[in-house]
Amino acid sequence: MTAEATAPAAPARGPLRWLPRYDAPRILAAQMSLIDQSFGCAMAGSSLAAIFLAAGLVLNWDRPGALPWAGAMVLVCAVAYFGRLRLPGRLTEAGAARYARGMTAMLMLIGTLWGLVAWLYLDVRMPAVVICILSLIAGMSAAALAVFSACLPVAIGFFVPAIVPVWIAFLATGDIEYLPMFLATPLYLCVLLVFARNYARVARQSIALRFENVELISQLREQTTRAEAAQHAAEEASRAKSVFLASASHDLRQPLHAMGLFLVSLGRTRLDERQRQLLAHIEASSGAAREMLNSLLDFSKLEAGVITARARAFRLQPLLHKLENEFAPQAEARGLVYRTRDTTVTLHGDPTLAELVLRNLIANAIRYTQRGGVLVACRKRGARATIEVWDTGIGIPAAQHREIFREFHQLGNPERDQRKGLGLGLAIVEGLARTMQTRVTLASSPGRGSVFRFGMPQAWESPEESPPPPARALDGLRVLVIDDDEAIRSAMSELLSAWRCECRTVESEEQALAALAEFTPKLVLADYRLRGHRTGQQALDAIRQRLGRHVPAIIITGDTAADRLRTAHATGTALLHKPVVPQELQAAIDTLLSEFPAQVSGAADRQAAVTK
């Protein structure tokens with residue numbers, strides 16, 4: 001709110017500079033609004049008081065001239081009351097000054113009429129008349145103080161013409177007995193003016209404070225609107241980014257999936273030493289790209305909420321041994337020492353999620369350690385066990401201890417070396433830890449190394465050991481592949497043929513249904529997103545309905561969008577994410593066939609017949 005809106009008008013120059021001035025239009029409009037609320041009652045009260053006084057003067061003291069005076073008072077009050085209604089916009093900033101001047105003029109006229117009755121009928125020989133007139137004038141002045149003091153010039157317009165004639169009337173009597181009344185009258189006027197000034201100041205401050213609050217509320221609403229607009233824009237940008245990343249991830253996974261399958265088929269052919277070295281380099285690059293995309297997939301799964309913990313009792317040592325066999329060669333290749341402390345602890349939790357957490361922590365430790373080594377250990381602490389990953393790497397400054405758990409945040413990688421990943425490892429670790437109802441803590445010393453810890457409850461029951469299903473021969477297994485990407489269909493055909501499967505590839509649900517006339521599949525491998533806004537699950541449902549029986553199936557998807565992940569997981573069909581390495585695909589097929597042995601018995605029968 002500007003100073004001009006709340007400050008009083010500039011005082012007049014010259015001999016009249018001591019007179020009070022009307023306030024600025026905005027304040028004045030609020031002042032006149034306060035007065036206007038009680039103006040009707042004030043005019044009615046003045047009219048009734050004048051009628052009662054005139055009646056008393058006429059009936060008791062034979063003063064018939066009081067009747068015209070009372071008539072004039074009623075007329076002026078009526079004109080003042082109804083006349084204000086004819087002022088357009090009287091309570092607006094534009095019309096407030098005109099309304100204030102008009103009201104001041106009418107109150108001066110009303111005050112003059114009250115002063116006139118004192119001049120005309122104040123007879124010191126009749127004390128009752130004096131008391132009656134003084135009481136009414138004092139009462140009307142007190143009422144005017146309450147009603148009109150919001151605007152000081154308006155209040156003064158009534159007080160002065162109403163009180164000064166009383167003082168003159170006492171002066172004109174020349175009676176020494178009324179000297180106290182003569183002295184008290186101007187004192188009473190001064191008291192009224194002081195009170196009116198104080199009331200006006202309080203009213204002005206209250207109005208200014210109200211305007212300031214309104215201004216603050218308006219600013220707050222404007223800021224809230226801007227903040228909501230910014231939040232909406234940020235959400236839209238985030239949504240657009242997520243859609244773009246999901247689409248880009250899907251489009252990248254398609255050729256990478258096909259390339260991985262082709263590389264396996266290529267590795268089965270006769271290659272010389274130089275060609276095998278080139279193939280190894282290509283596979284390493286493909287593996288690095290696959291690792292980064294899998295990090296994005298894990299992060300997308302956490303955001304989508306499709307990862308849930310399936311707690312059970314499990315022994316930690318086999319998991320540590322498995323990770324050591326996988327990561328020790330990587331550490332040795334970098335000149336590092338990888339050690340695991342043996343443990344007999346049995347934990348209660350999800351071993352798959354625990355393995356994912358450890359994989360990310362160990363991979364980070366190896367990635368950021370130049371010399372020394374990595375140690376993985378477990379400590380028993382009461383009813384819980386703490387799993388620790390130690391390294392002698394670059395260390396992490398205390399100011400970065402929370403930042404490193406943010407997505408896409410990396411230390412010591414300004415050049416964005418792809419070998420150091422995407423910066424999602426610890427963000428995934430923290431999300432997995434929340435899913436496991438635990439948290440990851442960090443202790444680090446820059447230049448000396450770090451230790452990451454997370455706790456899990458110990459299990460007191462014996463773990464249920466379930467041996468992995470034996471590898472099954474896939475000879476003669478009839479597999480229907482549904483994918484709208486020609487390169488993937490070709491690569492899957494090459495791979496499945498190398499596994500001695502009978503393979504038929506189609507690109508749509510319609511072609512899959514048409515192929516059933518001459519090819520009855522025992523297993524369906526379907527891409528999730530097909531042409532015509534159809535899904536692999538819809539195609540699978542149509543195949544099962546056409547055949548009238550359940551057909552084992554695996555959905556293979558390259559989608560990472562949260563809504564698509566939730567939808568895909570909700571189908572209940574076995575799900576793999578592109579790019580899929582052949583070992584992962586074969587393990588999924590083995591698991592699925594072990595669950596539905598009757599469905600694939602035909603393949604075993606054909607294999608036996610061939611053997612005979």
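Using the three backbone atoms N, Cα and C, a Cβ is placed for every residue, glycine included.
Some features that TrEMBL has for this protein:
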TRANSMEM  39-59  transmembrane segment
TRANSMEM  65-83  transmembrane segment
TRANSMEM  104-122  transmembrane segment
TRANSMEM  128-147  transmembrane segment
TRANSMEM  154-172  transmembrane segment
TRANSMEM  178-196  transmembrane segment
DOMAIN    247-460  domain 'Histidine kinase'
DOMAIN    478-593  domain 'Response regulatory'
MOD_RES   Asp527  4-aspartylphosphate
### Message
Quick check: do the transmembrane segment (104-122) and the transmembrane segment (154-172) share at least 3 Cβ pairs under 8 Å, counting only pairs 6+ apart in sequence?
### Response
yes
### Task
Please work out whether the transmembrane segment (128-147) lies in contact with the transmembrane segment (154-172), by counting C-beta pairs under 8 angstroms that are 6 or more apart in sequence and asking whether there are at least 3.
yes
#### Entry: Surrounding CB atoms that lie within 10 Å of the CB of Asp527 (4-aspartylphosphate), all protein chains
25
#### Entry: Predicted model, mean pLDDT over the domain 'Response regulatory' (478-593)
84
#### Entry: Local backbone state of Asp527 (4-aspartylphosphate), from DSSP in three classes
strand
